Structure formats: structure tokens, C-alpha cells
Amino acid sequence: MGVQLKLDPNSKNWLRQPDQQPIQDSICTLPGPGSLLKKKIRKTEFRIDNGLLGNTSPIINVESKIPFHRRANSTPEESRKRVSFSLTSNDGAKSDRSSQKSSNSRKSIRSQSRSRSSSVGSDSQASIQSGTNSEVVSDDEEDGNFASIPELHEDNEYHSNLATSSNPFSDGSSSKSASLTASSAAASPTVSFSPASTSENLTPTSSKSLASNTSLVQSFNSASRSSSISGNQYTYNLLGKSTDESPKITISAGTSMSHFPSASSKLIQMRRHAHMNSEKCDPELLSHNEYFPMMKRGFISRFLCLFVSRDANVYIGPLESSHAKPYRPFGSFVSRFTNRVASDLESQIPDALEAVLTQNNDYDFNSFLHNMGYSRCYVDENYHITIHVSSYERRVEFMLAVCEAMMLYGSPSHKIQQSLRIASRILQLPATFLYLPDCMFVYFKKLEQYSPDVFVVRVTSQTDLNRMVLVNEIFRRVMRDKLSAEDGTEVLRNITSFRPLYRDWLVAFMHGVASASILPVVYGGGWRDMLIGFVLGLLLGIFRVYINPRFFLFDSLFEVIISIILSFLGRAFGSISRYDKPVFCFAALVEGAITLILPGYVVFCGVLELQSKNIVAGGVRMLYAVIFSLFLSFGITIGSALYGWMDKDATDADTCMSIIAVSPYWYILLIPIFTLSLLIVTQSHPRQWPIQMFVACCGYVVYYFSSLHFGASQISSAIGSFAVGCLGNMYSHFIKSSSFAVVLPAIFVLVPSGFAAQGGVSAGLDTASQITSKNTTTNTTTVTTENSQNSSLEFGFTMVEIAIGIAIGFLASSLTVYPFFGYRRKNMML
């Protein structure tokens, strides 16, 4: 760790007239993006008040390299020394006025600086005080005051460097001198710079001639620093010689009260890094073990760390900073049960950050929506980019990053192309786009200074609702001139570097919960079937989460292999009988196990693409969904046939007995459980859970009662999707956010219902029965006319019919909502 202090008078505003007022907007300069976690050197610039040094106003640059992680073996009895910097005058009135103005320093920081920083109490206080005037300046705005809080451990070195390229004290003032003081809670360690009041060596001529000798670095070794805890002072001469005229650096170290980082302060650091970091952050530095030491964790925090790979509030940190609000689901519990005393740092910074990122705290409704996480686009309206200052390369890079992120996290293709067209118009980049599944061709037309370029973006899509919302919000901010294209690209890089929100074992476990909870509701299973359904679903989750990503060859045949295994085990359990009656339902077990890998979402996106006149992408997706369904049907057939060859008395029932059916009143509990498991599998943030569960439950209620009247699956799916689409469109109108992530879980709830109504597993079971029959010789491609309804091809057509009904319902909802609220194409579903 090193802290370097240098005087830099080469500033445009360093000479001012006595009658001029201090330049408020130049008090603190924002440094460029950097990584605090990677221990980069960050710089804070403080402007000295006009009354301190007469007519001159040099800049003091404070550079610090701070170890982000604290030592794990630290004890409460260990003394910690914290250093922050303040400028005071050494005249006779210092002792009287500094005490009066130090109490007002925190208020002055908030009033004079509209940045994401604030004063940090007795642990870290940055102020500029003088005998006549005072300006309070905040610490490093980009680091959130952490760059000016170094720690003096025994294994670190403390450097002090004062370098001058010209004489800043040539005004002839003999009654004032500058003092740079480091304050602490207990015995204050000080770092003071005291130039001589009158000296021939401080003339501009002599200082230029001694420019090569004005840099001096002194270090404390571990022995001297450990013995200086009682308050010993160290004095170093600026020019390397001990004279009365040469400026000196005086450092006195003292003990301070023990202080340990609380969870909130660590979360603030993570949020600040995620917001401003320009490079991909190290995933290992963003784990719970780094921010909540085991010795200080409470039971609740340890328990939550088993389920989430990082704190949920930090994960959504690049867009919002509601630290001190009671609506955060995980962070509040973690902070509350860590057995730490909140410091001034964690109690003051959140308010300043919240005041900056919210548009107007006077509007209770908007503040409530912001705090609940439904809309994270309320920022300071005074900040706009009216002219795009980003270069051509940066704008192109942003468009490609947005395209890649949207494709990666499962955004619908028509939404991707529409967003890219809007971006090309606002960013003044004429471009043409051609989308194919998992591939986007971007052609930038020729401009005056640039030649035409063609880019191909190819990624494998996955469903991540949390990061889908984050990418959409970043895109909206850039399009509304809240962020520049360069800053938007940096935040997108941070988002893509994040690990999944939930741990792998939890995702695999929720596969089992989803299978068990959907069995009685959709497929007619009983309570006994739920246990076996959980085991089969857990097996699917293990293969999908652990085995599939690690073996490339297995990935190519994942659907066939897993359907064979599940069908084999399902028929084995279904063949268990008691008193000549089956104990378990074979059809419910198999259909419930493969629920989460049904291609309903793929077909739904294909139908939306066909409706948006994207014939190529829509046709490819529809064909892929049919082939995918054939894979599942083939696997079910092979698995059932394999067990049929082993057990001649294997069950042939493709439906469940009505006597084992669960009462419909239990659906009130089982549908929310199934929806919650879907939200965790799709990596949805807890802030999104309430509205997503509400929409999904409403959609199923409408589907359930409509199916009692109409019976046909296509009509019931269309009516249920109509209700879901209306709720999603109203959400996008009032909340001003994309509704696709809200209605997507409802689609996953509607697809299994229609799939069961069409008898999805009956095709494979019927073919398997024909294969194992003693009197019939057939194969999987031989289908008679009377059995055409149960053919393998019907399995794929079933998914197409369901998806068409859902898509028609969404289109009808858009047409219905339009007369009442207008058409907001950038937010609505279609």
C-alpha cells in the first residue's frame, strides 16, 4: 500500500484573482473508470481555498493503492490506523475555527457535490478549511471514499512524496502555511506539509533548478511502524537536507479504535466497482467468502450463502443502489445478523447514492417503485448527453455488445432487431441486420470517414431473466442519453462477467421441486407420485447443470439420453402394483420429469418471429421445435421399450386413475411453488418474484376455468395467454420497463398444461407397446391410419398448436390494450 502526495500547480485554474469566487464545479474532478478490486491507483484532486494561500490555488493529488481485502486473521484487539486528508491553515485561528467548521463538513459535502460520495464521519473526513474561507471537498467520487482510507498494517509500506515543478508559494505571504492532516477516530495520525514562510529556496527560479531534487519518497519499515503506535512523529525534508528553509513532511501515527468492515460497507464497494469498473471483474473477488468473514457471519448470513453465489442486491447493483431501504430481500438479513456495529461510512453513503440515482425523492410513488426494483431508470434528469461524444468505434462496440448480451440471455429475436434499429438511429450508425437463431449479421453502411463493415455475432442462447432485465435497462439508459455508449459497454462487460445468481446445486434441486409440484396439477398424479417425480426431476437437473456443460459429446445427445433414462425409470416405477393396481402413474412421472425441457418457449419465439414477418428465423425455430419434440418422443419410446423387454408385465397405461387425483384446492399452493422453482431455474432476481408470480398465477387461473368450459387446449391456451399479455402490457405502461421477463414464467406454466391436454407421452408409449408386443412387428416409423393421433409426429405438432394459441392470445392482448393506454412498442410484448 502506498499513499503519494504531490503538489501539481500546472492547472488551468491554479492562479485566481483575490476577488474571484472559488470555482464550485472544479472542486473535485472525477477520475476515469478503474478497478478498486484490482488495486489500481486512483486519484483524487482537491482544490485549495483562495483564502488559504492567498492568490494561488494549487491542486493536491492524493493517489492511493489500497488492498481491497482485509486480513482474515485480524482480531478485535488489533489496532487499525485509518488515514484521510484535510487541509487546514496553521495561523492562530486554526484551533478555534477548525472545530466549528468540522461539524458542518458533512452537510457541505452533500450540498456542494452532486456525486456518489459523501463524508465518512470520524473514520474518513475530507475537508478544506482556512482562517477566512472554507470549502468542503469530497473524497474520491469514483471510489466512494475508499481510495482515501488506507490501512497501516505491519506488512504494508507507507510512502509520502511531495513533488513540485514550480513554486506555488511565491505570493510572499508570511502568515500562512499549508498543513495536510490525516484524521482518525482516536489519536489522530497526521501527515503535515509545512513550507517555510520566508526562504530564498522557494523562489520560482530556484525551484525550477531543483526540480530534479524535489521528489523524495520515504518508507516506513515494519519495525519502525510497529513501534510508532504510541504517536511518534516522523519528519522528512523535501529537498533532502535539514535546513530551516526547506519544506518538510511530518507524519505522526497514533492508535485508533478497532473497526471491522460491515456487510453494508463491503456491498457498497462491490456496487461501486460493478458500476464503474471498465474491465471484467474477477469472479473470485465477488463471492460471499470475501465479503462476509466466517468469524463475523451470523446464522442467517451463512444459511443464505448456501443458496446464492453472490449477494442478490450486489448482483443488480449496476443499476440501482437502494442500500438503506427495507425492501431488499437478502442484503438486509445479511447485514442485520452479522453482529457488527454500523459505522459512519455505511450509514451516510447510502443516502447520498440513493439521492443521486433516484430522479426525485419527493414523489412517493416513483420512489416506491424504484425501491421495489420495478424500475431502475430514475436518475438525475439534469444529466444528458445531447451530443454523442463517443467515437465511431465505441458506438459500434456498444451495439455489438448489446446484440451479444440480448442474444445470450434469451431476449426474443424481434426485440433484438427492433432494439438494434433504434440504437443505429440514435447513435447515428446506419446499419442493416439479419437474424438467424443464435447468429446475427450486422452490416454498418459506409459513412464519410469510415468504410462499410460486416460483423457476425454468434452466441448460444440461455435463459437468464435477471441479466436480461439489466441489459434492457442499460440499453434504455444509453438510448435516453443517461449513459454514454462507452460507459454502457463497460457496464455490459461487468454484467457478462457475473456468475449465475444461484448456486448450481440449488438450480438442480429446483428441477426436482418443479417436477414434483406440477405432477398433481397438470398431469393428474397423486401425492405418492410427487416423491418419485422429485427424484426424476432432480436427476434431470443434475444432468442439465453438472454433466451437460462439461461434456461436449453428451451435449449433442442430451435430449435423447435424458428422455431414455427418465422414461425407463418412470415405467419401472409405474409398473409397481399393489392389489393389482398401480402404485405410481407412469404417464405423470415421465411427463412431469421432462416438463422443464419442453420446447414450448422455442416454438413461442418462432411464432412471434413469424408474426413479425421474420420468415427465416421463425421458420428455423419452428422446424427446430418439431425436431426437438421428435427427439423427446424417440427417447420416451426407446426407454419404455427397453423396460418392456425386461419386464413382460410392464404397465401400458398412458393416463392416471382419477381416484389418485389431488383436490383442485391444492392448486392454490402448488402453482406458486412451481412458479418459484421456475424463477430460480431461470435466474430471476428476488425483486422480480412478486410481479412474475402474480402474472403466472393469474394466467393459470384463467386457463383453468376456460378449460372447464371449452375443453380444447388451443382455445384455453389462447385465453390464458390473453390475460397474461394484458397484464404484461399494463406493466410495461405503468412501470416503464420491458414486460417480456415478467410474462415469460407464465408461458412456462401454460405450456405444460396444453402439453398434457394433448397427451404428449401417449405417442411414445403407444409405439413402445407395439414394439414389445408378441404378435406385432413394427418400428418407430410405421404408423397406421387409426393410430395417427398417437404418432411421434403428433408429439411435435402438439407443441406447435400450443405455441400458436399462446402467441395469438398475446397479439389479441396488444390489440385490446392499445385503445386504453396507447402503443409503446419499445416496452410491449409484440
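Going from the start of the chain as shown, residues are counted 1 onward.
Note: Cβ is positioned from N, Cα and C throughout, glycine not excepted.
According to Swiss-Prot:
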- 10-27: compositional bias 'Polar residues' (COMPBIAS)
- 100-130: compositional bias 'Low complexity' (COMPBIAS)
- 186-199: compositional bias 'Low complexity' (COMPBIAS)
- 200-210: compositional bias 'Polar residues' (COMPBIAS)
- 1-28: region 'Disordered' (REGION)
- 70-147: region 'Disordered' (REGION)
- 186-210: region 'Disordered' (REGION)
- 505-525: transmembrane segment (TRANSMEM)
- 529-549: transmembrane segment (TRANSMEM)
- 551-571: transmembrane segment (TRANSMEM)
- 584-604: transmembrane segment (TRANSMEM)
- 622-642: transmembrane segment (TRANSMEM)
- 659-679: transmembrane segment (TRANSMEM)
- 691-711: transmembrane segment (TRANSMEM)
- 715-735: transmembrane segment (TRANSMEM)
- 740-760: transmembrane segment (TRANSMEM)
- 802-822: transmembrane segment (TRANSMEM)
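Simply put, out of 584-604, 659-679, 691-711, 584-604 has the most Cβ pairs sitting under 8 Å from the transmembrane segment (622-642).
With Cβ pairs under 8 Å as the measure, the transmembrane segment (584-604) is packed most heavily against 529-549, out of 529-549, 551-571, 659-679, 691-711, 802-822. Same-chain residues lying 6+ beyond the ends of the transmembrane segment (691-711) with a Cβ under 8 Å from its Cβ atoms: 374, 465, 664, 667, 671-672, 675-676, 678-679, 684, 717, 719-724, 727-728, 731, 741-743, 745-746, 748-750, 753, 757. Residues 307, 531, 533-538, 540-542, 544-546, 585, 587-589, 591-593, 595-596, 655-656, 658, 660-662, 666-667, 670-671, 673-674, 677-678, 680-681, 752-753, 755-756 of the same chain sit 6 or more residues outside the transmembrane segment (505-525) yet have a Cβ under 8 Å from a Cβ within it.
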